[in-house]
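S.K.: Dropping a structure here in structure tokens format, bear with me for questions.
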Amino acid sequence: MNKLYIGNLNESVTPADLEKVFNDHKISFSGQFLVKSGYAFVDCPDEQWAMKAIETFSGKVELHGKQLEIEHSVPKKQRSRKIQIRNIPPQLRWEVLDGLLAQYGTVENCEQVNTDSETAVVNVTYTNREQTRQAIMKLNGHQLENHVLKVSYIPDEQSVQGPENGRRGGFGARGAPRQGSPVTAGAPVKQQPVDIPLRLLVPTQYVGAIIGKEGATIRNITKQTQSKIDVHRKENAGAAEKAISIHSTPEGCSAACKMILEIMQKEAKDTKTADEVPLKILAHNNFVGRLIGKEGRNLKKVEQDTETKITISSLQDLTLYNPERTITVKGSIENCCKAEQEIMKKVREAYENDVAAMSLQSHLIPGLNLAAVGLFPASSNAVPPPPSSVSGAAPYSSFMPPEQETVHVFIPAQAVGAIIGKKGQHIKQLSRFASASIKIAPPETPDSKVRMVVITGPPEAQFKAQGRIYGKLKEENFFGPKEEVKLETHIRVPASAAGRVIGKGGKTVNELQNLTAAEVVVPRDQTPDENEQVIVKIIGHFYASQMAQRKIRDILAQVKQQHQKGQSGQLQARRK
């Protein structure tokens with residue numbers, strides 16, 4: 001995406017005029033300007049320079065009496081499903097943006113683009129061309145919180161080689177390789193290991209000391225700790241603090257962290273700018289609840305064990321542009337480093353659990369995109385994309401409709417209004433987004449403290465709908481800033497299969513709880529309903545609940561399969 005289209009040009013504009021404008025604004029370009037009648041093309045060295053040119057010039061700079069309009073140059077064949085939305089208010093919440101995008105179709109992917117501008121930029125992929133066309137028509141020029149959105153196509157490489165072009169690919173409709181293809185027939189595909197970086201926030205005045213003369217200090221740190229360190233100097237120009245990302249083993253990250261802390265402490269002492277420099281760790285909000293623990297127990301234990309004082313920034317500071325919380329640790333350098341190890345250990349555990357759940361969802365729900373669901377904002381480096389291939393047979397065949405599931409989710413009674421929205425707008429939008437039926441059951445008693453949300457739809461719809469409900473409750477502050485959203489969910493299982501969910505001596509249900517971190521209860525002495533089904537209760541945070549639900553469905557599928565095999569065997573025996 002390095003090639004730019006420059007529109008709204010005066011007929012008299014020459015390549016030299018454009019070169020001068022780019023040079024005056026210190027925008028790098030490569031090659032010659034190709035000037036046509038009223039428009040031109042030029043290449044930039046990379047995508048970052050292209051974005052900088054768009055932000056600097058488009059609708060802001062005049063040339064020969066006309067305002068330049070600059071966007072990515074996209075060949076007609078590649079104008080398909082991908083668009084870029086610019087000038088998004090930085091404080092805008094994902095929920096609002098997702099709702100706006102969902103009005104024009106199903107969003108497959110929504111990822112944030114790192115830029116130097118104060119406003120946010122996202123790249124969006126819709127399911128088909130028509131949805132994308134509608135989104136451009138309606139969103140370009142749309143006013144949102146005093147910001148006018150700018151929308152344009154970006155290249156969709158898949159459109160050139162995809163089914164819309166009439167070429168047969170080796171992949172099915174959902175992107176999974178066909179069974180028997182070389183990918184699935186051989187050994188399992190190795191997943192690229194994805195590290196979770198240690199991200200620090202450091203005062204801007206100490207960045208120079210950390211880098212050192214001609215980069216000597218930071219080179220020494222990377223060499224000694226076997227790490228890769230990125231100092232994000234250009235982001236948030238003028239900010240009092242800058243982010244540093246450290247990529248290495250946990251031990252390497254901790255060693256680099258200690259060296260950086262020592263450098264900052266020395267610099268503060270030499271310049272007499274501060275008595276102490278606290279350690280500030282950035283962690284994605286998805287992991288912070290589990291770091292804090294129930295009633296703050298995990299965090300208190302870390303404080304006690306390391307003799308430090310730890311505070312975490314407010315949820316109110318989270319925006320579309322900033323999905324991370326700041327964890328501030330105060331104490332001696334030695335103790336701060338011990339706290340860093342404990343904090344990152346908890347964060348990595350939460351990450352691994354979520355990836356396990358995500359991997360499971362990717363296997364059971366091919367094509368599921370978590371960024372589109374809005375649970376893992378794509379700006380987060382902490383979450384890898386779903387596996388590109390799934391070995392073995394798919395749980396349900398691509399030509400068979402996925403099985404409908406009904407799940408009961410219990411929410412605080414006072415949250416019903418937020419889930420329904422004004423004139424029912426939010427629940428309708430949620431239903432469309434997830435492709436699920438979502439209904440709120442009447443209260444069991446006038447003073448009920450919880451209400452039941454009945455969600456009916458296939459696995460992917462369940463994942464999306466439940467994920468949004470968890471997110472909405474957190475966003476609307478129905479749970480405290482240090483409290484993780486944990487909900488009770490009920491699924492019905494055949495009474496004959498309840499024993500398989502429990503296992504001998506409760507072994508299966510105990511393993512299920514250990515694996516998923518959810519509380520799973522099969523109440524004893526239940527009377528089966530008219531369909532000979534009983535309730536299984538699941539209590540936990542979103543990923544724990546999802547993983548438990550999918551594992552239980554997996555057990556039920558095995559029971560059903562064995563039952564069908566048994567019936568088939570009996571039938572064959574009778575024929576003989």
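Just so you know, glycine gets a Cβ as well, placed from its N, Cα and C.
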S.K.: Candidates are Tyr39, Tyr104, Tyr351, Tyr396; I want to know which one Swiss-Prot annotates as phosphotyrosine.
M.R.: Tyr396
S.K.: If Swiss-Prot is the reference, give me the range from 62-93, 158-189 marked as region 'Disordered'.
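M.R.: Going through 62-93, 158-189 one by one, Swiss-Prot flags 158-189 as region 'Disordered'.
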S.K.: Counting a contact as 3 or more Cβ pairs under 8 Å, with residues at least 6 apart in sequence, do the domain 'RRM 2' (81-156) and the domain 'KH 2' (276-343) touch?
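M.R.: In contact, yes.
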